[in-house]
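*Asks:* Have a look at this one.
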Amino acid sequence: MKNLSERDQVHVWHPLTQHKLHPRMLAVVKAKGALLFDEDGKEYVDGISSWYTSVYGHCNDFILEKVYAQMQRLDQVVFSGFTHEPAVRLSEELMKILPENQSKLFFSDNGSTAVEVGIKMALQFHFNQGEQRKVLLAFEEGFHGDTFGAMSVSGLSVYNGPFEEFFLDVERIPVPSPDNIETTLAHLENRLQQNDIAGFVYEPLVQGAAAMQMHDAEGLNRILKLLKAHAVVTIADEVMTGFGKTGKYFSSDHIETKPDVICLSKALTAGLLPMAITTCSQHIYDAFYSDDIGKGLFHAHTYTANPLACAAALAGLELLQSGAMQNNIARIQASHQKFDLEISTHPKVARTRQCGVIYALDLDVQMERYGNLRDKLFNHFMGEGVFLRPLGNTIYILAPYITTDEQLQKIYGAIQSAVDIV
Ligand SMILES: *Cc1c(COP(=O)(O)O)cnc(C)c1O
């Protein structure tokens with residue numbers, strides 16, 4: 001009898017995988033709290049919350065019960081022409097914690113589509129007003145997803161070769177730093193005179209796929225202010241940063257100038273079901289509100305606002321706002337700060353950084369994003385019972401908020417021993 005890993009190799013094609021080089025997938029059979037269990041019974045601390053989703057812990061009983069209760073009432077219904085309690089309540093609850101200028105929300109089903117919707121909102125916002133704005137602005141090294149619009153605005157394009165000639169028209173600026181901000185603002189002042197930039201897509205403060213690169217809130221604030229003064233629709237991609245990871249509910253809460261549009265997914269549904277939301281301010285919505293049917297936003301996905309996913313999101317929001325979860329977030333932030341004091345002086349560590357519960361360190365070695373040394377590090381962590389996914393020479397932690405102190409120590413121990421062997 002073949003095991004799961006072997007059966008997998010017969011028909012399954014995995015994401016981000018060159019199967020000839022990496023034929024074997026690890027079969028995970030269950031998960032609880034911060035732990036994953038493989039088919040041989042080995043356990044791993046999920047140091048990246050399964051791609052930043054399961055922040056309240058895997059198979060969280062509170063969330064499971066809420067979803068199960070919803071499942072017995074209403075499973076799925078078309079969301080065009082129909083509505084339901086979980087979606088309406090989610091809109092009410094989410095608006096309470098989103099930046100104040102947000103007013104409407106549009107459902108879809110993953111982070112990339114949340115960004116696609118944001119891009120369409122920006123392009124059609126101008127189109128509906130009879131303006132020709134066809135260019136999008138984005139940060140170098142940003143990541144916004146794998147559908148065409150999202151890929152176009154993503155700057156991390158190492159593997160986008162076959163598709164690049166089909167991309168949208170996108171121009172890039174560097175993330176702000178005290179060294180470049182004046183140059184960037186001067187360039188933008190000049191560039192904006194052409195009145196052809198429709199929207200600006202950005203990951204506020206932390207760029208996840210760019211190996212948790214962090215930038216300066218003040219610089220970003222100045223860029224946003226300038227763009228808004230020229231009616232450029234600002235689109236914050238908070239798919240990774242949303243729901244407490246930066247220490248506040250949203251990364252945009254750290255920045256004075258609020259975005260026109262916010263993209264949410266990943267932790268939105270607490271790691272249980274796929275869903276996404278693109279929110280916007282009233283003035284964006286107003287540009288679509290018309291007697292002319294063609295001015296509406298004609299975009300839909302079949303599972304839009306699935307009631308079960310909405311129930312998971314509502315349960316997640318309740319947990320996020322609880323005193324216990326806020327204490328957990330503060331506890332993890334403080335714990336990472338202590339670990340940083342120990343590790344940042346190691347001769348093999350070039351640089352460390354932290355924002356909320358997101359902690360990253362760069363090793364002082366040259367490494368390819370998907371090369372051998374990266375695989376060696378990954379295998380070392382898995383051997384130690386810790387799931388961390390190094391990005392190039394960056395090791396980062398984004399563990400569930402409910403990770404225990406003991407489990408955090410296990411993660412730190414694995415990083416310490418990894419740094420010693422490189
Ligand atoms: C993961 C991610 C996306 C894409 O989300 P998917 O659900 O994987 O399509 C977009 N933007 C950011 C910042 C992300 O981290």
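A Cβ is built for glycine as well, from the same backbone N, Cα and C atoms used for every other residue.
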*Asks:* Based on TrEMBL, name the residue from D46, D179, D237 that is recorded for the same pyridoxal 5'-phosphate site as G111, S112, H301, T302.
*Replies:* D237
*Asks:* What does DSSP assign W51 (substrate binding site), in three states?
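*Replies:* The residue in question, W51 (substrate binding site), is helix (DSSP, three-state).
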*Asks:* Could you tell me the C-alpha distance between S112 (pyridoxal 5'-phosphate binding site) and R389 (substrate binding site) in angstrom, no decimals?
*Replies:* 21
*Asks:* Which one of the binding-site residues (W51, G111, D237, T302) has its C-beta surrounded by the most other C-beta atoms within 10 angstroms?
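*Replies:* Result of the Cβ crowding comparison: D237.
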*Asks:* Using the Cβ centroid of W51, K266, R389 as the reference point for the substrate site, which residues of the same chain not in that list have Cβ within 8 Å?
*Replies:* I48, S49, S50, Y52, T53, G208, M240, L398
*Asks:* Counting other Cβ atoms within 10 Å of each residue's Cβ, which of the binding-site residues K266, H301, R389 comes out lowest?
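*Replies:* Minimum Cβ neighbour count within 10 Å, taken over the binding-site residues K266, H301, R389, occurs at R389.
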